Amino acid sequence: MGSGCSSPSISLTSISAASPFQSQESPSNPLNFCSPTRFLEPHLLKSSKIFIPKSPLKCAEVHKMQTQVENSAKPIVDPHDIDPKLVQKLANDALVWCSLRGLLVGDRNSERSGTVPGVDMVHAPVALIPMSFPESHWKQACEVAPIFNELVDRVSQDGEFLQQSLSRTRKVDPFTSRLLEIHSKMLEINKIEEIRLGLHRSDYMLDEQTKLLLQIELNTISSSFPGLSCLVSELHRSLLQQYREDIASDPNRIPANNAVNQFAEALAKAWNEYGDPRAVIMFVVQTEERNMYDQHWLSASLRERYPTCNDRYISLAYNTHQVTTIRKTLAEIDALGELQQDGTLVVDGQAVAVIYFRAGYAPSDYNSESEWKARLLMEQSRAVKCPSISYHLAGSKKIQQELAKPNVLERFLENKDDIAKLRKCFAGLWSLDESDIVKDAIDRPELYVMKPQREGGGNNIYGEDVRDALLKLQKEGTGSDAAYILMQRIFPKISHSILMQEGISHKEQTISELGIYGTYLRNKTEVLINQQAGYLMRTKVSSSNEGGVAAGFAVLDSIYLV
């Protein structure tokens, strides 16, 4: 469940109109996760036709709707059929909307744009028309979000499982080794995280061959774009309403997206549970962050929605205190932070109630021992960590692969229906010590993706490079293969989109990836929040293996339910 799509550089896994996997029935073992033959089965889902109310849909509302065969919504108009003059009008209106509403990122061409707010801003890369998406799969993704939240929490509590599962990776991946070292220290001192906060995002692609919604990964650290994704949904709803006669699409088919406020709610409640109204929520950020406005939207929501403290444990005398956020880099935390005897973390003179990581997920965030010292200092504190070191490790790709093995989910979950729902969306995942799988990947590299324990876009290995990398690892024989996993390559449907980047719109053949946010908060044994919390849609040109939004490969999108 790698947190690799958590940074603004986001990877979209695969490209092709149809899967080269050939259909092969295996009714006796439909959930054989150790063999690629499980993924050769079509598993075609029956299409359903859904009645939609006229108000924007939330995920929770989707479950209450009745299936009606006679009332299926039509897919949104093919962007290639839209007149170029209309495309220009859409683009101009979208640019104005983005400027007025804060759908912005820092300009990549400006050095100051990643450090000084309000300087050299440009519109975020966006699609002009939302992407059609089957409502049955939307419902499925929403339904499993709370189950994945619970799974992460359960896995994070099993220190032995985390240490053993990542033991081989530790030997060849210095970054994972350092994370495990911190985790080991917490186990040694029996550090208990009574308040556990998760802001997650599970990413999926819809496989064209099998018609299955398959999970790419589950991000447990720095799940980005809860702020801007909400704005994209509003942008598309506004454009469809304004040009309803020209495009002939229903803006209410775009689900309501409230990710930023639901993230803010979880952070505010964790702050309340901490019990010190004078303490702050600290955003851990990178030294240069062109996606800072996505983060600032979250801070703004906290200020506006939670101006005073209404905690059940705190005296009414403290209700003049509002939720306050600060932004610090890892190096600043090392320089300005101290740990008091009672475990309180103080940074630059301010007690910290909640630590929200928007950095620290990649080796590039740790340029010296100073950053590692800051990470250990925070982990030793009694502040609520989002994520804690155990949550971070639970989101690694190797753990995702381990959980896909037979009978492993049963170690953490009791409900058989929940287990079946999770397994239904698992793609094929294998370690490189499975010789049959490695041989098949060498013979048919186009069917696999090779993933290292690295976060963000640009790290995965595709096509002939998979064969070359595997042969090189076999020749070296150093055990470095433990730093990688193999994943079934997903082949989503190719669609047509209008992408807008740097003020220029262009029609492209594209593929898309759906991310479903989840929020989870537990204090001791009481679960205070466990819910689906909005979504993120990203679309990129189908001919590109890379998919970073900030890097210019992909754009932010929304979904149109059909």
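Just so you know, glycine gets a Cβ as well, placed from its N, Cα and C.
The structure displayed is predicted, hence computed values, not measured ones.
Copied over from TrEMBL:
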BINDING   R201, 221-224, 289-291, Q295, 358-361, R538, 549-550  substrate binding site
BINDING   E217, N219, E455  Mg(2+) binding site
BINDING   E217, K397, 451-460, Y462, 487-490, E513, K540, E546  ATP binding site
DOMAIN    279-394  domain 'Glutathione synthase substrate-binding'
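Using Cα positions, the member of the binding-site residues P452, R489, K540 nearest to Y361 (substrate binding site) is identified as P452. A separation of roughly 27 Å, to the nearest angstrom, links the Cα atoms of A359 (substrate binding site) and Y462 (ATP binding site). The binding-site residues examined here are Y361, Y462; by Cβ neighbour count within 10 Å, the least packed of them is Y462. For R489 (ATP binding site), other Cβ atoms within 10 Å of its Cβ number 29. Confidence for the domain 'Glutathione synthase substrate-binding' (279-394), expressed as mean pLDDT, is 91.
The closest partner of E217 (Mg(2+) binding site) among the binding-site residues, by CA position, is R201; the full candidate set was R201, S224, Y462.
The subset of binding-site residues (P452, Y462, R489, K540) lying with their Cα within 10 Å of the Cα of R201 (substrate binding site) is empty, i.e. none.
On the backbone, the CA of K540 (ATP binding site) and the CA of S224 (substrate binding site) stand 17 Å apart. Cα spacing between R290 (substrate binding site) and N219 (Mg(2+) binding site): 20 Å, rounded to the nearest whole number. With respect to their backbone Cα atoms, P452 (ATP binding site) and S224 (substrate binding site) stand 20 Å from each other.
Ranked by Cα separation from N219 (Mg(2+) binding site), the binding-site residues Q295, Y462, R489 are led by Q295. Fewest other C-beta atoms within 10 Å: among the binding-site residues N219, S222, Q295, that description fits Q295. If you measure from the Cα atom of S224 (substrate binding site) to that of Y462 (ATP binding site), you get 25 Å.
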